[in-house]
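Notes to accompany the following structure.
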There are 2 protein chains.
Amino acid sequence: MTRPTPISGFPEWMPPQRMIEQYVLDRIRNTFELYGFAPLETRAVEPLDQLLRKGETSKEVYVLRRLQEAGEGGPGGAAADSADSDALGLHFDLTVPFARFVLENAGKLQFPFRRYQIQKVWRGERPQEGRYREFTQADIDVVDRDTLPFHYEAEMPLVVADALGGLPIPPIRIQVNNRKVCEGFYRGVGISDPEAALRAVDKLDKIGPDRVAQLLMETAGATEAQAKAVLALAEISAGDASFADAVRALGVENPLLDEGLDELVRVVETANEHAPGLLVADLKIARGLDYYTGTVYETQMRGYERFGSICSGGRYDNLASTGAERYPGVGISIGVTRMLGLLFGANALTISRPVPTCVLVAVPTEADRLACDRIARALRQRGIATEVAPAAVKYGKQIRYAERRGIPYVWFPGEPDTVKDIRSGEQMEAEASTWQPPAEDLRPVVKGAS
Amino acid sequence: MTRPTPISGFPEWMPPQRMIEQYVLDRIRNTFELYGFAPLETRAVEPLDQLLRKGETSKEVYVLRRLQEAGEGGPGGAAADSADSDALGLHFDLTVPFARFVLENAGKLQFPFRRYQIQKVWRGERPQEGRYREFTQADIDVVDRDTLPFHYEAEMPLVVADALGGLPIPPIRIQVNNRKVCEGFYRGVGISDPEAALRAVDKLDKIGPDRVAQLLMETAGATEAQAKAVLALAEISAGDASFADAVRALGVENPLLDEGLDELVRVVETANEHAPGLLVADLKIARGLDYYTGTVYETQMRGYERFGSICSGGRYDNLASTGAERYPGVGISIGVTRMLGLLFGANALTISRPVPTCVLVAVPTEADRLACDRIARALRQRGIATEVAPAAVKYGKQIRYAERRGIPYVWFPGEPDTVKDIRSGEQMEAEASTWQPPAEDLRPVVKGAS
């Protein structure tokens, strides 16, 4: 076997980074549960036709086939062809699988159904910084039967603020908009294809206002004056309800616009009561996916704005529906791998040691190994992560092993036992049934860089 | 969209089962860390040629291609053909990816390297009870450079015993054998192809001794007497070191056999010191995979023996090697999905409520919602999972909502606030900044069935 090499877009953290990731995921999960979201995992695969049903993601899907199917389906594995209705693909987000899960199990669920889901997803996009082919997302959604109370749209940012707020990461700012504001405004100024207009505005940060104006005229049938009005709306941004006055000052009248403004004001005011400065109404936020129908969210991390949103979502009314049944929902998704990839890339997160181990029990001779195991067991039973040294070599070598591993304490069996903090050199008598390390040494501690 | 249906082999637990799974995974992970194993996740995909390098799993691999590659590779997606050296497949276990990770990152790791890995794996096998196409495994491995001390082979069962021992599941029994015992014994009786003999013995539980004897003669070149001796060895089983006497009584002499017996005695005695009754030397245990070279493990759960092993592994000397470098290792893998699938199928695990939520804050009128949010926030800040009622309907309806969700407490804002245990009907005055539920109600509790 030759030395293997990484696969572009499929990141693998080393154990210290993975320990930080677990710390972050635990914090997120704990917050989700404090808000009463129940855990769910859906399978990694969905029927290919389901995956291609919505949005502009068809090029990103990984299609699966079993290796032996190549024989069944002829050379080249025709069995996995997209024409095959049984073909399976890896999910590219957690919203589409969740909508499918709700439809499939509606009879067994209590509505409104609150669930969180923390899983890997896959997209065959071109990899770049902060953009991967395999990555972890942490989603919450609330769905209800027939109608979904609006107040859940105001709840989503609060959960994210609590989940990320306690972490040693740069401050986040959640940008919100409301599809009703955009669509109502576009209709109010007389644009006939609001969806095309939205798709053009979605490119604003990427291509700038001039080319968006051009796109609006080319694809959404806008006049120059209409394009100008659309861009004026997109410029409005405020951390309080004053954005609504700025919109009304543009002089466009439309009932859907009024409804959207009322909702957006409520989202902003709820957030300001809970976490001032967290949220900003930013009317250029469009979100590419077609299925959003109300509030939409994006999130920037201070200092990393150029890499795009680390947490996005919105309200969807028509994603989960089958004939007469409708399950409107709202959700938000933390891009954990993107967020951590950016922070790791900037060395902005550290951990106090690269192993869980707090104590290494030194082994005087191999004949003492069972006795050393007993010491380790006594420490573990009280929650102290402990290893026994690999070999009964000279103590100096065993201490250097602990140093290399980043283990802070070495335990020496004897009469009495002693334990040494190998960072300070301090050594003291100790009993495995009672000794306790300082609280900050019990588990590895995650810190920000500065 | 028509109502979707499940995909055979891809299980999806409902939230209560998922909560139980998380409880089990947390327990396993915590135990792994107490033993100083550091966390690792490898990507879900490996180069197809790596996946097909060892073992008899070629038929089980899921091959991936990006949907747009169909165009590039010609009709039928030839780009994903197994002849393509860039083709990727989903990993079918966590050992092969781990061996690859060690080779790839050897320069950055401290040896012996202890890691745990809890991830999904995929196999395109025919689904049946306890056997899935997508399932979660929880692995620990220790690898070292050049040589690996034997004592790690004795450590593996102890970690599993601690991880599963505290769970409300039936008792487990770990069956161990040692490849050196089998190979030495087979060589000692004069069988020329010990690997073929091992593969035949591996089928003992499935096809019975007569057909194994036949296989031994047909595939391993054994005489009738040799086949009889092989079966006599496979019959030996004991919870203590007496198995070694039973083997020696068969009168076969071989140095590899002696070495294997010494090691196996040490594994059994270490386990008996730590957890009497946990482990049995069972000389029919063969493990199908070719890469094992020392101790091998399988695990049965009482009452579920017929479904096979829920936790397996062994020592491997040659899995991770590149030219001059060798990284021998030993590992064991808990089949979490199989174990839970069997227990869920028998209704042998329950949870005290189907949601994390401990308290539902009732909403008197929609104008009070912000005040209700404040109560919820105060409770959450002290670790009490809290939801706010979906709508300001009559209190009776809000209480019935809590009942349906399985939420034990309803909080009524007022002067003063009151909180009601809706199971007992008991209601008392309470303050959101101080009230504490009984410890057993704070989080859902997982219990065995009986």
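Heads up, the Cβ atoms here are built off N, Cα and C, so glycines get one too.
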Based on TrEMBL, name the residue from B:Arg66, B:Arg123, B:Arg266 that is recorded for the same L-histidine site as B:Asp93, B:Leu94, B:Thr95, B:Gln137, B:Asp141, B:Arg287, B:Tyr291, B:Tyr292.
B:Arg123
Maximum Cα-Cα separation in Å among residues B:Asp93, B:Leu94, B:Thr95, B:Arg123, B:Gln137, B:Asp141, B:Arg287, B:Tyr291, B:Tyr292, which the record lists as binding L-histidine:
21
Three-state secondary structure, which DSSP defines for B:Arg287 (L-histidine binding site):
coil
Are there any residues in the same chain, six or more apart in sequence, whose C-beta is under 8 angstroms from the C-beta of B:Arg287 (L-histidine binding site), and if so which?
B:Asp202, B:Val296, B:Glu298, B:Ser312, B:Gly314
For the binding-site residues B:Thr95, B:Gln137, the one whose C-beta sees the most other C-beta atoms within 10 angstroms:
B:Thr95
How would DSSP class B:Gln137 (L-histidine binding site) in three states?
strand
Write out the long-range same-chain contacts of B:Asp93 (L-histidine binding site), meaning residues 6 or more apart in sequence whose Cβ is under 8 Å from its Cβ.
B:Val121, B:Gln137, B:Ser333
